[in-house]
Amino acid sequence: MALPTANQVSLGRETPKHYGITSPISLVQAKEADLVLTHRLTEALKPYGVFEEELELQRRIHVLGKLNTLVKEWIRDVSETKNLPASVIESVGGKIFTFGSYRLGVHTKGADIDALFVAPRHVERTDFFSSFLDKLKEQEEVKDLRAVEEAFVPVIKLSFDSIEIDILFARLALQTIPKNLDLRDDGLLKNLDIRCIRSLNGCRVTDEILHLVPNIENFRLTLRTIKLWAKRHNIYSNILGFLGGVSWAMLVARTCQLYPNAVASTLVHKFFLVFSKWEWPNPVLLKQPEDCNLNLPVWDPRVTPSDRYHLMPIITPAYPQQNSTYNVSVSTRAVMVDEFKQGLSITDEILQNKAEWSKLFEAPNFFQKYKHYIVLLASAPTEKQHLEWVGLVESKIRILVGNLEKNEFITLAHVNPQSFPGPRESREKEEVSTMWVIGVIFKKMETSENLNVDLTIDIQSFTDTVYRQAISSKMFEADMKIQAMHVKKRQLHQLLPSLVMPKRRKHSTEGLRQMNDSSLDLSLDSDNSMSVPSPTALSAAVPTSTPVKSGPLGPPPSPIAAAASQPEIQASTMSPPAVKRPGSPMQEERKRLKSDSEESATERQTSGDSVPSSQTTSPPPTMGPPVAHKTPNQEVLEEKSPKEHQMEDPSIVPETKTEDSGAASVGEGEGGTSVEAEVNEDSISEEMAASEGEVKMEANITRMVSTDLSDVPLLPANPIPVVKNSIKLRLSR
């Protein structure tokens, strides 16, 4: 393949036009070596499917043409029903605009299309969601049609000839829609309702970005590279507190403004250079904000106090200017800045011919990066209910991250944007679930004393918020559940059995494989789990006079680890009994431990010991590592009950406390349950090996004001009682 020509990479002349709010950093023209590196970059991108075939592109254009024709026909029909003159009907117009990755020219194979339907003033939004929806239903090519009229930005979603399309609607204050309409005109916003302004915003921002970069082709290739890198490194998700497509586009556009004559290979390197050293929370602006005197709210920390707490502001260039990174938290910003620095180091090597571009796209193994993880499971009885439930839970995960960040013992909470099919509680029961994994770094302890960390309120307030939202929006159905579990790094292979989980390695670039949703027995799910059940399922729970113990996670117990397992009783808040897995090396050890624990339970019952209604305390295991074996750098996450706080034995004894305000006692309460669990300690050698990713992250992060969550609506108290769970962990030196 021939090297790119000067026209293709647009070496160009020194750009006379001024781009951005500052002068360029460099106007140096590209050299031959830069062209060679850009060619290599293009070749490195191809295996990842970031370039669409010409045939597929033409198919998209054909589909959009058919949709545009359909829109014009419908507008004529609506105009006739409203008795407009024939002369006006012929010229009334109406048009489909695109925005997002397709409009920017960086869409990938199989990506959806974001579209905006612009209509004249006599066409109402109610028409769009009624007669136009009916017209779409009549089309043979249209599948999976659904309208979301009550969304923040109302939308119709559909698949047109196997291409996913999201259509927004905007009604302009114009009698006719001209063919050459420029949506960047601020005058179009006059006399529009807020929903139309929001719908127009996507197109207006996309068009502004394209008008604010010196060279569109260089911008596109650079953006393709950065988007692929961000997805491979699990930092591409606006809803979970990272950056979405438009935010990455604006960062790349700003880099292009600062280096207007550079080609893509140079721009990628400069991208990492600029934003690894950017002094956040200074905002990224593509142009000076303009005030159109339309009294619309805009991002301005001088006027709006809440804007002062945004941690990584990237401001959209179109009026009304908004911060596109509102969801970024202390943890997600720290993760992204660390990735910027690693990207800079890698591109330095590439420019020095010490590495290939493929190294930039090597995916780090998130599941080897941290010692401790919190796993979230969202489950629902049917596929349809599951789609709605998962969407709600995912949109609130940033609240959980914010809660964890506020905990005085937590330094960082890193949620992996990639979700996985979750396990089923029972093979006989139809259930669909999705799982997210959050890596957690705890603060290094300055003293040798053990620290007790209580995550109960952090997780419970998150689950309460989700349930109240579901109930208030009338989306909640029976058996919609959220479960939160704490697991250690070496135990993740039990929850994610199909993932490549190499042992004793700091980093891994091996890809992830699809997980079999039926391959996990939930009775072995975690060393510390909190299950928040369906509020309506409480009446089915069992009394708590009998302790319930979950089986151990991870490999067979080591000589210095203690684990116990007792027969489980099935309840709506817990897992079903364990299913024996043939060939498991743990079976004999489990049988022995089960027998021992059953004997001890019988002894306790014989001696007349009773279980308190609000709190179940398990005695410490008789086996445990001597305290003298602990090292100053050893960090073990363990659960401990109040009775154990004065004991030297650091074995893990999780405690789960169930409260029900409507019950006088556990036996009489509605679904009160008491859960005990014991898990293996990490071996000393594993705990002494500190994760390199954790050390870097802890060095980079600084404690700042917590993320502003003011957009979370204040909801009424949950009318349905929810089981309160208690999770207490112990950090040991």
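Heads up, the Cβ atoms here are built off N, Cα and C, so glycines get one too.
Copied over from TrEMBL, here are the features:
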- Asp112, Asp114, Asp166: Mg(2+) 2 binding site (BINDING)
- Asp112, Asp114: Mg(2+) 1 binding site (BINDING)
- 515-531: compositional bias 'Low complexity' (COMPBIAS)
- 532-548: compositional bias 'Polar residues' (COMPBIAS)
- 560-572: compositional bias 'Low complexity' (COMPBIAS)
- 587-597: compositional bias 'Basic and acidic residues' (COMPBIAS)
- 637-648: compositional bias 'Basic and acidic residues' (COMPBIAS)
- 661-677: compositional bias 'Low complexity' (COMPBIAS)
- 20-213: domain 'Poly(A) polymerase nucleotidyltransferase' (DOMAIN)
- 218-362: domain 'Poly(A) polymerase central' (DOMAIN)
- 365-433: domain 'Poly(A) polymerase RNA-binding' (DOMAIN)
- 501-684: region 'Disordered' (REGION)
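Helix, strand and coil counts from DSSP across the domain 'Poly(A) polymerase RNA-binding' (365-433) read 27 helix, 19 strand, 23 coil.
Same-chain residues that are not part of Asp112, Asp114, Asp166 yet have a Cβ within 8 Å of the Cβ center of the Mg(2+) 2 site turn out to be Gly100, Tyr102, Ile113, Ala115, Lys157, Glu164, Ile165, Ile167. Comparing the binding-site residues Asp112, Asp114, Asp166 by how many other C-beta atoms lie within 10 angstroms of each C-beta, the top residue is Asp114. According to DSSP, the domain 'Poly(A) polymerase central' (218-362) comprises 74 helix, 6 strand, 65 coil. Over the domain 'Poly(A) polymerase nucleotidyltransferase' (20-213), the average per-residue pLDDT in this prediction is 92.
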